[in-house]
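A.B. asks: Below is one structure. I have some questions about it.
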Amino acid sequence: MLRRLSPIQPDSFEFTPANLEWARAQMTKYPEGRQQSAIIPVLWRAQEQEGWLSRPAIEYCADLLGMPYIRALEVATFYFMFQLQPVGSVAHIQICGTTTCMICGAEDLIRVCKEKIAPEPHALSADGRFSWEEVECLGACTNAPMAQIGKDFYEDLTVEKLAALIDRFAAGEVPVPGPQNGRFSAEALGGPTALADLKGGEAHNASVARALRLGDSIKRIDGTEVPITTPWLATQNGV
């Protein structure tokens, strides 16, 4: 699939001071002269800051890493996780359309997106707050059909559940991610058939619990949310 940059581009891009510090910390993971190896996390951080990857953002990251613009552009256009056009200011919804989800109703979820957001993928809703696209397998096949919204998975969806999620996002809420039908993690719908007497007591699986604890879900990253740690420097610095 041919991927092109959006014809709508901002005049410039630069990291916030905190995100610039974060990006430079990523560069220290690699030997001197190999800083270009940090291109994926640095591009990802730029996308988290702005919501999508503009040409100025790609070129800024290339300059930061000392690499030709075309090399950074090759990476940005190769990986579908990079959004090359503006996305909804509240949420970008990615509907899994691969086999299991398709069999379980992904086409119906896509119809909801067309009706409530925009008729075409990657187009913004009338108020600019939402966008959507169909993507390949997101790896939650047991809990099909599902969607990724921001950083989180919303699983075991129905037409009604997805429509309600969109309405809640529009109202300023951030619904709890994970299964939307009461299932714990990826257990069988009828409940566990082995180790049935093992009572964990957790309300959510580890990834959902972490998302709730950090409060880092669909919001943009300004650099203050995630601590900058460089444990790989401890040994070489003698700390």
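For all residues, glycine too, the Cβ spot is worked out from N, Cα and C.
Pasting the feature list from Swiss-Prot:
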BINDING   C96, C101, C137, C141  [2Fe-2S] cluster binding site
A.B. asks: Name them in sequence order: residues not among C96, C101, C137, C141 whose Cβ is within 8 Å of the mean position of the Cβ atoms defining the [2Fe-2S] cluster site.
C.D. replies: G97, T98, T99, T100, M102, A106, E136, L138, G139, A140, A144, P145, M146
A.B. asks: List the same-chain residues at least 6 positions away in sequence whose Cβ sits under 8 Å from the Cβ of C101 ([2Fe-2S] cluster binding site), in sequence order, or say none.
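C.D. replies: Sequence-distant Cβ neighbours: I95, C137, C141, A144, P145, M146.
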A.B. asks: Work out the three-state DSSP category of C137 ([2Fe-2S] cluster binding site).
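C.D. replies: The three-state answer is coil.
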A.B. asks: Which of C96, C137, C141 has the fewest nearby Cβ atoms, counting only those within 10 Å, among these binding-site residues?
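C.D. replies: Output over binding-site residues C96, C137, C141: least Cβ neighbours within 10 Å is C137.
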